[in-house]
Amino acid sequence: MHGDSRSRRAFVGSAAVATLTALAGCSGGGTTPSQESSGGAESADAAASKRDFGGWLGATTNYDGVVEETDASEVEVTVGSQANGGAYGFSPAAVRVSSGTTVVWTWTGKGNAHDVVSTDGSFASERTGKKGHTFSRALEDAGTYKYYCSPHRAMGMKGVVVVE
Ligand SMILES: [Cu+2]
C-alpha cells in the first residue's frame, strides 16, 4: 500500500517534469524562429564583421571589425600604426573593397622596418622603415587576401583585404 503510494507520487512527479519540459520546449520553439527572423540579418552582419578570418587576426590588437570601403577607388592602409605592443600594426587591420580598388600601404616610419606580404603570393612589398614609403596594388580578383609583416608577424602585425 505504502509502496503503491510512493510509486504514484513518483509518477505524478515525473509527469509534472515532463509537462514543464514540454512547455519549455514549446515556448522555446515559439520564440526562437521569431527572434531569428526579426534580427537575423543584423546578427549575421555583425558576426561577419567581427570574424577573425579563421584566427588570422585573433592576436591582432587593433582589429575591430572589417572597415567598409567598397565605395572607394583607392584605399590607404597605414603600415606601422600603434598596435601589437608598439608601432606594429596595419590600420585598418581589415578592410573590404570592391574589385579593382587600389590599396596603398603607407609607411609611418615607426616600428623599424616593415613589409607587406600576402599569404598566397599575390603581392609582396619591399622591406623598409622609411617614412612615407608606399606600396600600391590594384586588387582585381574577388577573394580574401591575408597578409603580414615578415619581421613582426609573430607579434600580430597582420592584415586582411576582402575584395568583393
Ligand atoms: Cu612590421
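Each Cβ is built from the backbone N, Cα and C atoms, and glycine gets one as well.
Heads up, TrEMBL stuff is auto-annotated, nobody curated it.
From a predicted model like this one, the values you see are computed outputs, not experimental measurements.
These features come from TrEMBL:
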- 25-46: region 'Disordered' (REGION)
- 34-46: compositional bias 'Low complexity' (COMPBIAS)
- 81-164: domain 'Blue (type 1) copper' (DOMAIN)
- H114, C149, H152, M157: Cu cation binding site (BINDING)
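With respect to Cβ neighbours within 10 Å, the binding-site residues C149, M157 differ, and C149 shows the lowest count.
Take the mean position of the Cβ atoms of H114, C149, H152, M157, the recorded Cu cation site; other residues of that chain with a Cβ within 8 Å of it are V79, G80, Y88, G89, F90, G111, D115, Y148, S150, P151, R153, M155. If you take every residue in the domain 'Blue (type 1) copper' (81-164) and average the pLDDT, you get 98. Cβ neighbours of H114 (Cu cation binding site) (same chain, under 8 Å, six or more residues apart in sequence): V79, G80, W107, R127, T128, G129, C149, P151, H152, M157. DSSP assigns C149 (Cu cation binding site) to coil, not to a helix or a strand.
DSSP assignment over the domain 'Blue (type 1) copper' (81-164) gives 6 helix, 43 strand, 35 coil. All protein chains shown were included, and the count of other CB atoms within 10 Å of the CB of H152 (Cu cation binding site) stands at 24.
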